[in-house]
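Peer 1: There's a structure below that I have some questions on.
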Amino acid sequence: MPELPEVETSRRGIEPYLVGHSIQYAVVRNARLRWPVSEQILALSDQPVLSVQRRAKYLLIELASGWIIVHLGMSGSLRMLAEETEAGKHDHVDLVISNGMTLRYTDPRRFGAWLWCDDLATSNVLAHLGPEPLSEAFTGAYLYEKSRNKRTLIKPWLMDNKLVVGVGNIYASESLFTAGILPDRPAGSLSKVEAEVLVATIKAVLLRSIEQGGTTLRDFLQSDGKPGYFAQELQVYGRAGEPCRACGTPIESAKHGQRSTFFCPRCQR
């Protein structure tokens with residue numbers, strides 16, 4: 001599933017082609033995504049694009065009349081293409097832009113979403129989200145305070161969007177490894193020092209992935225059609241049985257909250 005770095009990479013890639021131009025119209029080949037494509041998107045006509053933002057794993061395209069909210073789901077990606085580029089089997093939504101380009105949404109598994117919102121303050125999907133992990137609001141003190149008396153395992157706890165947004169399966173595993181913290185410890189066992197280290201590590205891992213264009217394990221592509229190169233730097237995720245890059249101990253895996261977790265039993269405590 002595309003996580004925060006992949007969504008931010010997509011945002012940065014499409015923004016220069018959208019802002020200052022207009023969406024002439026939308027082409028929807030298959031409206032049966034996770035939720036049906038909103039009727040307001042189907043009816044778009046000559047709508048100026050004011051900004052392209054991100055909140056958690058949602059892309060927010062601001063128009064003069066409202067907002068398009070895009071979620072990439074499990075396998076979605078966005079590309080900027082020449083308007084005449086022929087569509088493929090899994091290309092479900094196009095936004096035709098006034099500069100001769102098309103924003104194309106590809107999603108083999110169709111778990112993504114294209115929604116409309118008149119006002120973000122009233123959006124149900126954006127309500128109750130925690131702070132952005134790269135913001136000043138996400139601090140060691142915040143994480144430590146939230147962890148008090150929590151028996152939930154650290155790994156699934158970090159993936160709760162009410163705690164902090166955008167730290168998905170890949171980056172939770174990678175951050176815990178880099179911070180030297182076992183994923184199956186209770187969240188309440190974090191010390192103040194560990195909370196500070198973990199927050200700094202999460203920020204560093206996410207920023208590094210954004211620099212590398214995100215992580216491509218299967219379907220994700222950047223807006224220019226290239227894969228995300230952070231996959232080449234993964235320390236533990238998807239490496240069960242392979243030697244730890246730091247100590248040589250075989251990487252282990254476990255199921256936490258029905259999600260696969262990867263860790264080094266020697267480097268993490």
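Residue numbering: from 1, along the chain as shown.
Placement of Cβ uses the backbone N, Cα and C atoms for every residue, glycine included.
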Peer 1: What does Swiss-Prot list, out of Arg79, Arg109, as binding the same DNA as His90, Lys150?
Peer 2: Arg109
Peer 1: Including all protein chains displayed, how many Cβ atoms other than that of Lys57 (active site, proton donor) lie within 10 Å of its Cβ?
Peer 2: 21
Peer 1: Would you count the other C-beta atoms found within 10 angstroms of the C-beta of Lys150 (DNA binding site) for me?
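Peer 2: If we count other Cβ atoms within 10 Å of Lys150 (DNA binding site), we arrive at 15.
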Peer 1: If you draw a 10 Å sphere around the Cβ of Arg259 (active site, proton donor), how many other Cβ atoms fall inside it, taking every protein chain shown into account?
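Peer 2: Looking across every protein chain shown, the total is 14.
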Peer 1: So among Pro2, Glu3, Lys57, all listed as active-site residues, which is physically nearest to His90 (DNA binding site)? Use the C-alpha atoms.
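Peer 2: Result: the closest of the active-site residues to His90 (DNA binding site) is Pro2.
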Peer 1: Indicate whether Arg259 (active site, proton donor) is helix, strand or coil by DSSP.
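Peer 2: Where Arg259 (active site, proton donor) sits, the three-state DSSP reduction gives strand.
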